[in-house]
Amino acid sequence: MGCGHKDDKASLASSHISSFSHQPHQPPSTPASKEVWKKGGRMFSILLAVHLALLACTLVSSGAFEKIAVHDYDVFFLLTVMMLVVIVWIIFYLVSTSRCQDAILCKDSHAGPIWLRGGLILFAIFSLVMDVFKIGYYSSFYSCLSAIKIIYPIVQAIFVVVQTYFLWISAKDCVHVHLNVTRCGLMLTLTTNLAVWMSAVTDESVHKAHSKLKKNVTEEIFRWLLKAGMRSSSAEECNCNSQICQIFKNGYFWLYPFNIEYSLFASAMVYVMWKNVGRFIDHHSHHIHHLKFRIFRRTFFVGIVLGLIILVSGLGVLILYEVQVNSSTEFNKKSQALTMYYIFNIVCLGLMSLVCIGGSVIYRFDKRDMDRHKNPTRTLDVALLMGAALGQYAISYYSIVAIVASTPRDAISALNLTYALLMIAQHTFQNIFIIEGLHRQPPKEDHKHHSHQKDLYGLTFVNINAVSLRVPDSGSTLAPSTASGAEAIHPSDLVRSLTAPKKMNWRRKFLREISMFLLLSNIILWIMPAFGARPQFDNDTELNFYGDSMWPAIVDICLPFGIFYRMHAVASLLEVYIMS
């Protein structure tokens, strides 16, 4: 197994010559041909990913309907083959890069931060539990099911373990061998994760539609509707009467949100690796900041306390909503649950919007410079924030049109309209706050600041006028000894240095409070729709206006992006918190 193709070695050699020459900042001798080949390799891998994604999307969407002759085990067969190919490629990547010393010449310090990889491991653990529940559920009646229904969760569990290990150790790699093979392999991995995500979202949506249908109609009508139009899972035709079977069935559907988030997190990390293939990092401009994650230092605890109050209150609202809406058929209890849900979200979104505006105002007084260096991770974070917000924007605007155009308006419609408007405002202000925080330079190292501050405070008992007499007009040096080691200190710089830390401290503390409050609030706003609190299906205004087929389709398409937005905002806010 070689270390790469000849063209890869040639480009690598030219870059080595340029890096060890007397002019380290001079670009390679043939940058034009290298850039053209890089774009060609990227284009080929993108075309491969597009075709695979379209094929998977076609099968997954077709398998959701009964009248189309595509079964769910056809979808599982395609996903199983894709995951097996990705597992083989990951093993090839790990072996080839470990045997070749020049495979990874540099690493991207911004890619794959520890909190992102930690979140990936958390979601991977829940995904493995979901696969165990799936295996137990399908094994309960394996005699009337296709074998692929049991093979698929087994292969998915292996895929999750191998991919999580791969991303944990290789997320920062800038690979310089097998460039085209690596790009195609990473795009195949990304497409596989997106296909698994589409399958999970579709399966969850069909399951929730069946649950709503079963609650409102009798068993005979439900079976007739399944034969008439909607896809029934092949497991629906088998008897699942035992208690352990019901536990497995309900368990893995409750764990679907974690598997959905795992696929999206892995896709984002794989995309950054794809952008870093063949990349050379200029260490003179690519600063590595060793930031320490300290939650309980330099904080007033206001953001944490308020965020925990919102989080606990939201969990209580979620439990009451599930009990009154999903377990009761009375109209009054359903109306009370919707009113409680809308009031909580209006208060939460209003506070978050005000806090984001306050954080943006504080950034206007922040003296830190903007970080304008090339950073694929930050570019992806901004693109995902802006793109995922479009899902919730679409739902909100559809709701606004339906509420305004509908003639009978009640209190729930007014609350729904306020909720939709605040949802748009909160997403907009939060995106501004997060993007501005991600583009700020991190604070200087504490030990440098404290050592310089210690020297300055040692001069506080010296007459500043006397110091100024020793400093020439040019302000070159304070004493002969400072010319060789320490920096020159001007009296005006001395006064500013003695007063600046207090101003910077309160700004940083307020930004940390805002980031922690928004982080905890986004967690509860992710939990509520991910685990069943979806008033879009329970409010009759949109259903009556758009119809029983159009409105559920809109929500099923747009809501997963809104759920992903919340989880990605949590990761971005954690980075903003650490950078503050």
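Glycine is no exception: its Cβ is also placed from the backbone N, Cα and C atoms.
These numbers come from a predicted model, not from an experiment.
As given in TrEMBL:
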- 43-63: transmembrane segment (TRANSMEM)
- 75-95: transmembrane segment (TRANSMEM)
- 115-138: transmembrane segment (TRANSMEM)
- 150-169: transmembrane segment (TRANSMEM)
- 253-274: transmembrane segment (TRANSMEM)
- 295-321: transmembrane segment (TRANSMEM)
- 341-363: transmembrane segment (TRANSMEM)
- 383-405: transmembrane segment (TRANSMEM)
- 510-531: transmembrane segment (TRANSMEM)
- 551-578: transmembrane segment (TRANSMEM)
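Counted over residue pairs 6 or more apart, the CB atoms of the transmembrane segment (510-531) and the transmembrane segment (551-578) come under 8 Å in at least three pairs, which marks the two as touching. Of the Cβ pairs linking the transmembrane segment (75-95) with the transmembrane segment (253-274) and spaced 6 or more residues apart, fewer than 3 are under 8 Å, so the two regions do not touch. Only residues 6 or more beyond the boundaries of the transmembrane segment (551-578), in the same chain, are considered here, and those with a CB under 8 A from a CB of the stretch are 113, 115-116, 119, 197, 201, 205, 209, 257, 260-261, 264-265, 268, 291, 293, 381, 384-385, 387-392, 394-395, 398, 427, 430, 433-434, 437-438, 511-512, 515-516, 518-519, 522-523, 525-526, 529-530, 534, 536-537, 542-543, 545.
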